[in-house]
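In Swiss-Prot this protein carries:
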{"type": "DOMAIN", "residues": "3-192", "note": "domain 'Glutamine amidotransferase type-1'"}
{"type": "BINDING", "residues": "Gly57, Pro58, Gly59, Gln88, Ser134, Leu135", "note": "L-glutamine binding site"}
{"type": "ACT_SITE", "residues": "Cys84", "note": "active site, nucleophile"}
{"type": "ACT_SITE", "residues": "His170", "note": "active site, for GATase activity"}
{"type": "ACT_SITE", "residues": "Glu172", "note": "active site, for GATase activity"}
Amino acid sequence: MGNILLLDNIDSFTYNLVDQLRSNFHQVFVYRNTVRKNIILKKLSKMINPILILSPGPGNPDNAGCMPQLLMELKGKLPIIGICLGHQAIVKMYGGHVGYSGEILHGQASLINHDNKAMFLGMSNPLPVARYHSLICSNIPNMLVVNAHFNNMVMAVRNDYEKICGFQFHPESILTTRGTEFLQRVIQWTKI
């Protein structure tokens, strides 16, 4: 069981993610990105071994409320998992680029290829996932391992030392057929 603070980037998928996590017996506290950073930091300080999950959301990570400041404050201090917009914010924080992907996807099932390591160990390869995005990460800095891709587009990154990872795809979507199992593996990875 994990103690999770989920930062809601005002996305319609947020509570699908909350339900998926709670159905696997994780304790989940939800705060919107419009809440002041200090309030969220105070809550995290009272949690035992917290994990921060950055939800999907609209727009660019620079305009996602307190998320960029939280990332800078918490990097290396606790495990952080970013999904879609959260993933983009992680890559940007490390110095990568976030830009238009050339297409707008809203509910596209894709087969991604992965490195079969860490959270992907033992997962089918290619792995069917759901993609909902128009932005994509590139120019990934050396501190991040690109551990999944689709047609040369980055679909997942991780930093094993700082226990930070991000996914462009949505594990909480029904189109990610093994999404619940994958999310469980990610949470286990944060504890290794």
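Any Cβ shown, glycine's included, is placed from N, Cα and C.
Remember, it's a predicted structure, so these values are computed and weren't measured experimentally.
Positions of the features from Swiss-Prot, shown on the structure.
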residue	record	Cβ within 10 Å
Gly57	L-glutamine binding site	26
Pro58	L-glutamine binding site	13
Gly59	L-glutamine binding site	12
Cys84	active site, nucleophile	27
Gln88	L-glutamine binding site	30
Ser134	L-glutamine binding site	13
Leu135	L-glutamine binding site	17
His170	active site, for GATase activity	24
Glu172	active site, for GATase activity	24
Gly59 (L-glutamine binding site) and His170 (active site, for GATase activity), Cα-Cα, nearest whole angstrom: 16
Distance, Cys84 (active site, nucleophile) to Glu172 (active site, for GATase activity) (CA atoms, angstrom): 11
L-glutamine site shell beyond Gly57, Pro58, Gly59, Gln88, Ser134, Leu135, criterion: Cβ within 8 Å of Cβ centroid: Pro56, Asn60, Pro61, Cys84, Leu85, His133
Integer average pLDDT (0 to 100) for the domain 'Glutamine amidotransferase type-1' (3-192): 95
Rounded inter-Cα distance in Å - Gly57 (L-glutamine binding site), Cys84 (active site, nucleophile): 7
Integer Å distance between the CA atoms belonging to Cys84 (active site, nucleophile) and Gly59 (L-glutamine binding site): 11
